[in-house]
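Enquirer: Here TrEMBL flags 1-29 as signal peptide. If you look up TrEMBL, you'll see 298-315, 322-342, 348-369, 376-396, 408-426, 433-454, 487-506 marked as transmembrane segment. Annotation source TrEMBL lists domain 'TM7S3/TM198-like' at 301-505.
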Amino acid sequence: MDWTDPGKMPLKRECLVLLVLSWVSSLRAQDENRVMFSLGTFQNVSVPVNGTVQAVVSRIPADVSFLTLQFHTHHRNVTLSYTPIPLYGFSVTAADAGLLSTLTLSQTTVSWFLKTPDGSSAAGVGVILPYTSADPVPGACNQEFPLEIDPNIYLQYNMFETTITFAPANIGYGRGESPPACDVDMGSSTRWRLVYELYQYFLPEGDLSEQSLISSLERAANVQNVQDNSRKVVSLSSHDRTQFFFSSLPGQGVIFSVIVRDPVLNTSASYIPVHTYACSFNSTLDGCSDLGRVSSKVFFTVIGLAGLLVCFVGHRFFKCELFYMGFCFMAFIFFVLITRTTALEYDIRLALTALMGVVGGVAMVMSWWRFGSVMVCVLVVGLILGFLISSIAFFTPLGDLPIFHNDVVFWVVFACIMVFVPLFFIRWPREGNIFTCGVVGAYAVVLAVNAYTYTSLSYITLDVLKRLLNHNFSRAFISVPLQDIDFIMITVWVVLGVSGIVMQLYREKSRPFFPPSPYVMWKQERERRKTNVLDPSHHKPSLSARILGRIHQLTQCTEPAGETTPLLL
């Protein structure tokens, strides 16, 4: 083809324009899939469908020895890798993923690659943190996970506990230097001098939004922010296990952070923080958007309304109080037994628990009606109060003391507190019974509210229930946050409890301590009639004799009189 032909010049010009446009569009596509980071600054990143995003940081100062890139999404997994195509040992996939890159002597630019494992789109936030040669290297002595240097915190959860695990760190080293050996020596010049600190940061209660998570992660990304905003749970040495257990809090967002410190050089570094809601955003059953079951709402609503009545008039209507306390006592025991011994669905277990609770309530009322022993009934009621008081004691930081992670010590102390309460009120049984009605009834109202909106106060008894159902739960840290809704519910609990106790003490001050048993009263009345000959009822036949006589009259045939013609006057 002769391109010098004037007639062919427009075609040549159009081809050149198309080539230039395609080159510009390719550059634009590369720019769209490349995100430039600044050290220490959070950057929003969107991963396109079936696309890969390159994260790049440049102009790295010469005193920086290694970098960590952390990328967080709300609940979608992303793959973070050193290479454009993820390879085993060179990539990590998680909702909170991170990589650590050591630098060469003259290196000023580092890049990583982000994509989703299923090819879908994802959006999140990332940050790159620099560290010097004096800072410890998180995860540099990893011997368990695929990455050679793994700064990630690995998290797993179930309905009982949340487990976090991380790899040990190493002491810092400069650019181009060989890393110190991890396990050759245990002297003060090795990684064994490092110490670790574990932190928790609680998100606002009931807030599952992505905005809340991102803003909270910014407060827990680096060492200084973690110290300022998070709660320190435990410190450990390099000789301790790097695995910890926490009580799962479904629907409550928690961010876990680990800081490794070098006490000799007074330096520190942060692992990649990880978050959890202890529920799934992708599950249609027991998902984060549907935590409250209808059966639980119905059950605890009835318990709360009945508890409100017991709180204010429980002692006045003694039989109703006994039924309520017997219901709670038997229902709790039966739920523990049926959960430990069977694999029935939750709704079926709850229905059977309610049925056995009714049986327990009826048995409690009938035992008082038949035998009239008030002290035995008050003892059972006092045990319920003792259980609640003991649960409150271990709901405080007392429950996280290492000594109480031993099951024997925990249950012995728990039982002693539980038994001491009814023994204390033996001297004042009426006051103890009224106090129990106020405290337990008001707490039932709190549980009813928890069925509709999250409150940490439900874990007062739920943590004890978890420990009864799961023998491994003793190793878990059970700290929970107390936020605005919790302080409101504590106020409601105190106001209802004090009001109910004061009202019942005022109304019952001129009445007998306890109502008499109907059966005992009937027996006393029967004995009185037997011995009192002046009582007209003394000359009446017994009830059994009267019933037999009536039956005899109904079954006996009447004989004819013989005269059937009416008599004339």
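Just so it is clear, glycine is given a Cβ too, placed from its N, Cα and C backbone atoms.
Each of the listed features needs to be described in terms of its position in the shown structure.
Expert: Tertiary proximity for the transmembrane segment (298-315) is limited to same-chain residues at least six positions away from its ends with a CB under 8 Å from its CB atoms, namely 321, 324, 328, 350, 354, 430, 433-434, 437-438, 440-451, 496-497, 499-500, 503-504, 508.
Sequence-distant contacts of the transmembrane segment (348-369) (same chain, six or more residues past either end, CB-CB distance under 8 Å): 295-296, 299, 318-319, 322-331, 334-335, 338-339, 342, 376-377, 380, 517-519.
Residues 321-322, 325-326, 328-329, 364, 367-368, 404, 410, 414, 417-423, 425, 429, 432-433, 435-436, 439-440, 443, 459-461, 463-464, 478 of the same chain sit 6 or more residues outside the transmembrane segment (376-396) yet have a Cβ under 8 Å from a Cβ within it.
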Enquirer: Kindly state the mean pLDDT of the domain 'TM7S3/TM198-like' (301-505) in the predicted structure.
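Expert: Averaged over the domain 'TM7S3/TM198-like' (301-505), the predicted model reaches a pLDDT of 88.
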